[in-house]
Each structure stands twice: as structure tokens, then as C-alpha cells.
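Chemist: Before I ask anything, here is the structure I am working with.
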Amino acid sequence: MSSQAEPSKGASNADPNEKVEKMHLPTDTAGGGVKVKVKEQEASPSDKNNLNPQSAGVSEVQVQDDTGARGSGARDLKVPKQMQAPKSSEEKSDVDGVPTRPVSERELRKRDAMQFIQRHQKVRNILAQYCPWLTDERLQLCIELKILFMQHFQDSRLVLYTAVMSFLFGYLRFGFLSLFIIMAVCIQYYRICDRRVKVNFKDDYTRYLSTRKLENDSETVTWLNTFLQQFWYIFEPSLSERITEITDQILSENVPSFIDSMALSEFTLGTKSPRMGFIRSYPKTEEDTVMMDLRLAFSPNDISDLTGREIAACIKPKIALDLKIGKSIASAKMPVLIEDLSFTGNLRVKVKLIDKYPYAKTVGLTFTEKPVFSYILKPLGGDKFGFDIGNIPGLTTFITEQIHNTLGPMMYSPNVYELDIESMMGAAGLNTALGAVEFKLRKGDGFKDGLGGAVDPYVVIKNSADRVIGKSKVAHNTGSPVFNETFYSVLNSFSENLNLEVYDFNDIRSDKLLGSAVLPLATLEAMPVTNDAFVELTLKGKTVGRLNYDMKFHAVVPDSGEEITKVDGPGVLQFTVHQCKELSNDPSKRPTAYAKLIINNKEVYTTRKIKKNNNPSWEESFGTLLPEGKNATLGVQIFTEESEHPFGTANVSLQDLFAATKTGLLWFPLQHAPSGRVRMSVMWKPAQLNNDSISSMALATPIGAIRIHLRSANNLHSKIPGKKCDSYARIMSHNTKQFRTVVIASNVNPFWDEYMYAPVITKHDIFFLQVMNYNSSGEDKLIGQTPINISNFINQGENGALMEYHDPRELTVPLSSTRGIKGNATITFKCDFFPSAVTTSLSPDVTPAPKASSTVATDKVNIEVLPESQKTPTAVDNTSTSRGSTSVKTSKPKKISELLMPSEAVNAALDFESGFMGFDIISYKIAKPAQELAIFLDDLPHHIFLSSALNVTGGATLHEYGNTFIRQLEYSQCTFKLLDGDKEVGSKTMLSRDLISKGATKPLEIAFPDGASILVAFRLTPVPVKLEEVEMYENMGEMTVDVIKATDLPAADSNGKSDPFVVFELQGEEVYRTKTHKRTLNPTFNESFEVELPCKQTCNFVANVFDWDFGNKDDHLGSCVIDCKLLQQQQQTNYEIPLDSKQGVLYLRITLSPKWVLRSKRAGNSSLVEGILGQTASIVGMPLKGISTVGNVAVDGVASVANLTNKMRKGISRGFKGIHHEKAK
């Protein structure tokens, strides 16, 4: 017996007189042994000076068994949370040394009461129906009394029965002997009950003890090792053959350039099977989870447990790898041998069970400690002259570390190696398919190379797994190619994307990437059809062109439980080529092969090349939609590098291959080939073809609205050296701009403090909050963005209804580029989610109600109906469908617009104060061509919709859709402007409530003064929203300020008087200046002016009193801040405000009149005027098409060029008045 002292982990806190040693015994289990704890007794003070004190010694010895089941000391690894074993009730009381929170008696009673009510839910439902007065507390009391009565009755019924029967027998005068009959019956009944109680208790207790034993102790599995040994003789040859095939294929694909070929010439694992030292189970896992620890050992050199006959027939493991170095004649083979393999390790296995084939969904594997490897490696000399490099000092350690470094990130704790058994067994794949996506690529435009020349573009379409599902034809020498090609892709989840990449074809050099785009497929769930849509292509953050496409979703037929026996009608197909065998009869010839999949005589997919392998294995599939599968034909063509012609082909009808897949007959001979066979299979699911043609984001009903309170951004950087950012923020979703803020000029830390609303179409939506750098003379640049996953804000109640979500925290997150690179810039915002209130009564005649995609904030570029969700959205134009789905024809010719609703639904929607207003510009009538229609809403300075050019005089059908969010329907106003270049031809303002009430049941005609008119249909999807006070209509308006007088002003002149005047500033900008009153300390002004108040909660309104001086700077007499929060709508508010100079009082009277005030005025002199035309003459929103802009003019949105001229006039006038005044003196 050998011993080795190991310090205890808790030695620092232990008794210094205690010593713990681990005694390693020659046990069967590696790492086993016993722990010996020795407690020594200190010597008495009188014996401390003696060399052998009598009082010192060992006072206590404890011996504890320590098996290897719990790890092996230094090699123990941290177990990840998902692989941790469940703790027993005793262990749960203290986790990692931290005691759990004590539970009060009140909490225990409340929890027990809830569990009690749940157990008696049926009784509760019945009593609630007939006894509504019976509360949960009373019900619990009644049931407890009933249980108590029944318990005591069961305990005492035998005594009661004995007494009653004895009384009856005596009363009937049966005599004394009758008591023996009663006693016999009672004794027999008692024995039966007693036996049943003992048996049940014994079974329960035995089960409890076995469960505890499974939890705490490991189990030897000699029976399993015996079975593995017998099974190993049969299984090992086929396993070694399969490993050889797979390894040869991997080696052939990864041959270094200086090696001609690599192949396994010999591979065997020997005749001795792997063994399990122990198994430890964890019975307290979830019902659908199995977890256990295994002690695995593979030591074929240990023959101590084999019989003489087994030793004589024993074959040891051996791996021989042949390397062929050099080329042709100058090549030479070099064998590499690996012998005497052994392995030992502790493996934790976690199996997730399911209730269908293959009944195990995933298997998680992780080593709880580093395994131990042993081997003999002979890279040179072979069997006879081979030298084991393990004898070289340090090399074995180096190789072992490399093995651990390779396997560690894969399956050493805390890493877990998960096997998807369901997918591996073929149960996933097409079984989980939701349907197929039909993608029709129409055309593209705007493509050019770096020098502006012509290109030869083609488009590659990939799925989310980056697998190519189609490649378009090459359009030569054109920047506006026309494709008109259709591609299909199997859709397994609505969270998938289509990736579009446009390349410039070149015969000599490699093809050049012109641009890429991502089409998220999330909105196919709500809007299965998208027609005539555009998507912007970007390259390094810049727009380089766009593609025009149609997209449809074809859903599979729901599974009825019946087995599909034949292929008929439309369906989703998954065609798989597995492998080929025996391509060459000569083993020395190893062809490099690849396969092409053929569907209906059309090549649809090409596999990867397998180098120098006689039995290549691809296991590659191609999924598509077949409009008719009954007469479809499938085929596989095998090609080799030696020839451009097919080496062999295999053709079969879809019906025959489907039947062969059912029976497992998957091997087919290669025709026109000297040898070889191919294994292929097919899966089929019937589908429903979608023949709808109408599609627009404005027709998709939002499930709710997301509100983003955007506070600020920090550390922004302009890409133009030496210039600060003119920044604004916007919300992107479904490749569409949903909302945007005002531009803050020349500020790297802009502060917006704006509320933005955007529609949520599906729970898979992803919004991108982007910060842009405004450029008046070119395209706006993206500074950075951050994604917002709407699924994080959606919660459902017990009945499945969506619930509101409010996060009181403000999030500050870094901004990243389109490539995901994060910088120093950050953005601060807060999100809320409000579900829509759409009911069945609000649904239209058509499919579930339509509702706007979004719409607000337009830009310089416009797009037609945008597709959908996002990954890295490109800056497609304005909101919801600016220049929207143009010229979309309705599928029902009798219906004027898809937005129209029944009058009952309209009245129900108008009961709500907020929601998304969708609109359909059905047709127009103009007298002059090349005009445009712009729509403005409430306090938004940017148009929410901009139509395409109206070129047809007289009248024409348009059908362009848009959508916007209405905050307060009672006060909301919508303005329609007809534009001719930079000139406003006509304008019409109406209440949004009137638009919906008159235009939701039938189209509403809106006429302009010059005889032009438009026909519009509306729809309201109500979304109840609790507005913040700063958003409300009552919080803004037009102030009428009466400057009455000032008293007791301080003297600034030598004569003891002052020449006072007052300057009023709103948000840091001068809005009014009173007249100057000479030589007085108590001036009476009696002046009045009007100014717009954007927000009485946040605006800073200041009055500054000055003393006028000729030729010198005016003296400041004092100032005061006017509290606008005191203002009430349509009421006069009197102010008597002392100046901050502690002398002087200013008297004002202010009246606030309700009015929508552009939110661009809230930023004061930090906002940037982006154009010269907007809702008012003094401020504009987004630059409209064809309208000139004033770039980088930092004004406040209140003062215009006329205001600047007025200041110059007043300054000159005051100068002349001063000169005249001095002369008068």
C-alpha cells in the first residue's frame, strides 16, 4: 500500500492539529482510496521542553472511503451550469457556501395554499359555478375539514364497526358466540390493511433508499462490460472500416501541398473492448432529461482479466498512415504507425428526450476532468525500424498539451459537445420545414465598377446557413441588368434570411463583389406575398445599387397523421446524395469526384470535391418547391477531374425514389460507367401554392407598437476630418425607415429627447437604431447602429394575449458598424411595447386586418414596398412605403382598396385615441405632370409620405401605401401638399379623425385649389398607448406674451437712472426685444408678441433686462426664468418675477393657445435647417425631391432669413436713434 499526502482544500480554515492524508489503494477504480483524518493532541505546558512528551499524541483517527467517482483532484474542471447535477434537498440548502434565503411561515402557508387549490381545481370549478360566495380561503378550510374527517374516520372505522355490530348482534339476541364471528372478521380486515400498509411502505422506502443511493454512490457495471466485450468482436470490424472511409475522405480534402496523398493503410482498435469503471446516475433531473457520469477506460494492453484463449487470439490496436511525398517518379511512401493506444477519463452525459422518433433530441458530452492518453508513435521506420518519439524528452508532454488544447474548447468542462440526434437520424430537416420561399429576381440598377465603367453582374442567393440556393445568369456590359429568374428555398424558421450578393463576372481574374443585401423572412409570417419590391445593396457602408424582386411563401400542408404513400401535386422536396462506392476497380487509382443534382433535366446543385477517394461521401442536400411532383424526374451525375464528361449517371423518377426511400433501397448503379454505385434519398412534403398577388407592408396588421425614447448619443465621430457631426437618429425595420429625429448641428454629443413609434409586425422583428451624419449635398453616412430584438419585449398572458412591456431602465449601448465592429460611440434610449387592440370586429373582409408597415421620416432616396425584417438593413428610403408599392393591382377587381373596413369596425376603432393609420393613395387627378404628393402629420417636421412622380395628366390609378402612428386622434391633423419641384401647388389640412371616419368605409376625395384631387382610403389599427406628458398636444401651443412693466430696476447710468429694454430668449434663441425706455427705473412696456412653445415641460424661456448704452456693450440689469409649466390652455397666467440681481421685478401676462408645434423647434439653435420648404415657412423637415437645400446653416428652427434681416434693421435703427439722442442732450 502506498500513501501520498494531499492537502485538504479547506486547510486554511481547519484545525491546525488536524492532518488529512489520502491513502491510495490498489483498487479497481482509478483515483480510489481512503481519506485518513488524524487529530493530534498538544503537549501540556510542562512537557513542551521534552523531546518525547507524554501528554502529546493522537487523540482521534477518522477513516473515510473515497472512490474515484467524484473526480481526480488536480485534473478536475469546472462543470457548466447546464451540465450540473441536480442537488438533493440537503445540498440545496447551501450552494457554493452561500445559504439560501430563509422562507417565512407566511410564505410557506401561501405557497401551500396555492398548491392545495391547484390539486383540487376540479372541485373549485364546480363550487365556483354553484357557490360563487365560496372564496378560495373558505374552500380550502372546507376541504381541509373534509380530509381531516376522512383521515380520522379511516383510523377509527374498525372500532366503530366492532361496536355497532356487537350492539346489533346483542340486540338481536344472537348470543355470546356471535362476538367471535365479529372478532374474526375484524381481525382479518386488520391483517389485510396492515399487510397493505407494510408492503406499500416497504416499496416506497426501498425506492427512496435506491434513489438516494443512485444520487450519492456510483454503480459498477460488470454486466455491461461483459456484454460490450462479446459485442465488440462483431462490431469492431465494421466500425474500423467506417472510420477508415471517413478519415480517408477528410485526409484527401486536407492534403498539404508538399504531400501527394495521405491514406490509412491499416486501422484496427483491437479485440479488447472499452470498459466502464462505474456509472453514477442523477434521478432528480427533469422528466425529459437523463444525466449520468461514466468512468471510461480503453486499455487494450491490460490482459490481466482475459483468459488464455482470449490472450492467444488478442489483437492490439494499430493505425498505419501512408504518406506519399513528392510527385510521380520522385515520390516515396512514408508509413506512420500508432500503437498501444489507451485512454481513461470521466465523462458526463446529458440526454434530452422527446416523444417521437428518434426519442432523443440532443446528447451533451463533457469531460469533468482532463482525460489521460497513452500511445506509441513511430513516424519513421515502420514496424521493424520504427522509433517511438515518446522517448524524446519533452515531446510527449508537448503532444499531450496539443491534444488537450484541441479537445478542450470542444468538450472539456465548461465546454459541452452537443450532438443533435434528431437531425443526425434524419428526423429533422424537412420534417421541421414550414414551407418554401419563392424568390423571383426581376432586375437591378445602379451597378458600376470602381471606375464608373460597365460591369457583367450576376446575383448569388444564399440561405442563413450560407449555402448557395441559386445563381442568376450573367448580364454582360450593363449596369441595369434584367434577370427574370425564379429560385426556391426551404424555410424552417421565420428567423432565417436570404442573402443576396452581386458579383462582376470576369474571365481572367476572380469575380469582384459589387454589393450585398440581407432579406429577413420574418414578415412572411404576417405578409406571405411581396410584389415589385426593392432592396438596396451596400458595400462598405455605401449604397451601390438595388434589386427588384417578388417573394412568396408557400406553406406546407399540416400533418394529418396519415403516412404519405405517393407523390402528387405541389410539394417541398429535399433531394440528398449521400455517397458513392467503388468508382474504380483499381485500388491504386483514387479519383477526385463531385456530384451534380438534376431535377427535371435541370442542374440545380453541385457538391464539393472529394480528393482522391474511391468511396467519396458528400451527405449534401438540396431543397426546393415543385409545383407538380407526380411526373418529376431526379438524377445524379458523377464527375471526376480527369474528364469534363460525366463519369456516370443515375436517373430515377421522384415517385420511384420516394418509394425506395421508404423501403431503404437507396443504392443505384451508375449508368455508362465501368463501375460504381450511388446512394441517394428523397423527402417529400405536400404544400399549398400561394397565388395571391397583393402585397404591401401597409396591408400587414401590426401586433403592437414599440416606443423608443431616444435620449442622446456620445462620442460620435464624423468621417470628414476637422468637421463635427450633423447627426440624427432613425429606426429601421423591414428594410424601411420607420421614424427619424431632427438633425443636431455640429455636436459630437447630441441630445434629442424624442419619442419614436414603429409598428411591430411579428414577434421576430428586429429593429435597428441608427445614427446618421446628415449631408446636404450628398448621401447621409451611417455613423453606427445597434439592433433591438423585439422578442425581448413581448410577453404573453395566461390566455395568450400580448402584454405591455415597460422597462424603467435607460440603456446605454455601443454603436457598431454594419460589419459588427464596435467603436467608442454610444447611444442612450429606453424601450416600451404596447400591443394592438385589434379584435375580430375590427378585421376587414379580407385576411386579418391590414395595418401599416410604418411611415415617417423620409429621406432623399425612396423605395417601393420594402420587404422585411433585418440583419443589417440598408438605408432604404423613407418610412413605411414611401414611393411605396407602386402600381399594385388588387386581386379582387371589385374592391377599390384593401384598406376599406365595415362601418361597425370603423366606429369601434375610433373609440381609441391612438394607433396606426394606414392609407392607400388610390388615384390622382392633376393638370400638370411631374408633380408629387407629400403628407405631413402633427408636430413632425418631416413628411411621412412622398409619392412617386405623378406624370399622367387628367387622372391615373396609383395605389401607393403608407402608414403612420397617431398619438392623439382627437387633436391630430394631417396636411396634404401637392408639390411642383420646389413650389407648393396646393395644400389641404384635415383632422385625422375626419379622414378615418370618412375614408375608411369608402374612398375619400381630397381636392386642391387648382382643381387637382386625390382619392384616398384609410384604416386605423388601434394601439392603446399611455403617453408621456411631454408628448401630449396640451403640452405645446402658441404663447401670447404681454410685457406689462418692470419696477425698481437697478440704476446703471451716472444720473441714477437706466435706459431699460427686455430681451426674451426661448431655448437659447432671441425671440423678441422690447423698445428702450429712457431714463427710468420703472418702465411701462405694454407690448405684446407671439411665439410658439414646443414643450412647456422642457423649454427654457428667459427674460433678460438690459440698460442701453451708446457705443458700448449694453449693461445687464438682471434676468429671470419664466416657468412655463404653470401655463394652462386658453387661460391667462400672470407672472410677477423678481430679477436675479436681487433688485427689480418684471410683470408679464401669458396666454397659451393650443397648436401643434414642430418638434424641430425644441432643440433651439442646435437644430439644423435641412431645406426651405416644410409645414411652415420658418422650418422644414426632410428635403423633398427636387427642392433646394440650405446646408449646414445652424439656426434654431424659429428664426429664418427674414428674422436675421430684422435683427440687422433693428441694430442699425438703434444706432441712428442713439446718435439723435446724444445730439438732443
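Here the Cβ of each residue, glycine as well, is placed from N, Cα and C on the backbone.
The region 'Disordered' annotation in Swiss-Prot covers 1-104, 867-890. Here Swiss-Prot flags 167-187 as transmembrane segment, drawing on sequence analysis. Residues annotated as domain 'C2 1' in Swiss-Prot, with sequence analysis given as evidence: 413-534. The phosphoserine annotation in Swiss-Prot covers SER843. What Swiss-Prot lists as Ca(2+) 2 binding site is ASP1053, ASP1107, ASP1109, ASP1115.
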Chemist: The domain 'C2 1' (413-534): mean pLDDT?
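Modeler: On average, pLDDT over the domain 'C2 1' (413-534) sits at 82.
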Chemist: Determine which residues of the same chain, besides ASP1053, ASP1107, ASP1109, ASP1115, have their CB within 8 A of the center of the CB atoms at the recorded Ca(2+) 2 site, and list them by sequence.
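Modeler: After dropping the recorded site residues, what remains is ALA1052, SER1058, ASP1059, PHE1106, TRP1108, ASN1112, ASP1114.
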Chemist: Could you tell me which three-state DSSP class ASP1053 (Ca(2+) 2 binding site) falls into?
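Modeler: Its secondary structure by DSSP: coil.
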Chemist: In the domain 'C2 1' (413-534), how many residues does DSSP put in helix, strand and coil?
Modeler: 12 helix, 58 strand, 52 coil
Chemist: Quick check: in three-state DSSP terms, what is ASP1109 (Ca(2+) 2 binding site)?
Modeler: coil
Chemist: Provide the number of Cβ atoms within 10 Å of the Cβ of ASP1109 (Ca(2+) 2 binding site), excluding the reference atom itself.
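Modeler: I get 14 for this one.
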Chemist: Near the Cβ of ASP1115 (Ca(2+) 2 binding site), how many other Cβ atoms are there if near means within 10 Å?
Modeler: 16
Chemist: Just counting, how many other CB atoms are there within 10 A of the CB of ASP1053 (Ca(2+) 2 binding site)?
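Modeler: Other Cβ atoms within 10 Å of ASP1053 (Ca(2+) 2 binding site): 14.
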Chemist: Measuring CB to CB from ASP1107 (Ca(2+) 2 binding site), give everything in the same chain under 8 Å that is also at least six residues away in sequence.
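Modeler: Set apart from ASP1107 (Ca(2+) 2 binding site) by at least 6 residues yet with Cβ under 8 Å, we have ALA1052, ASP1053, SER1058, ASP1059, PRO1060, ASP1114, ASP1115, HIS1116, LEU1117.
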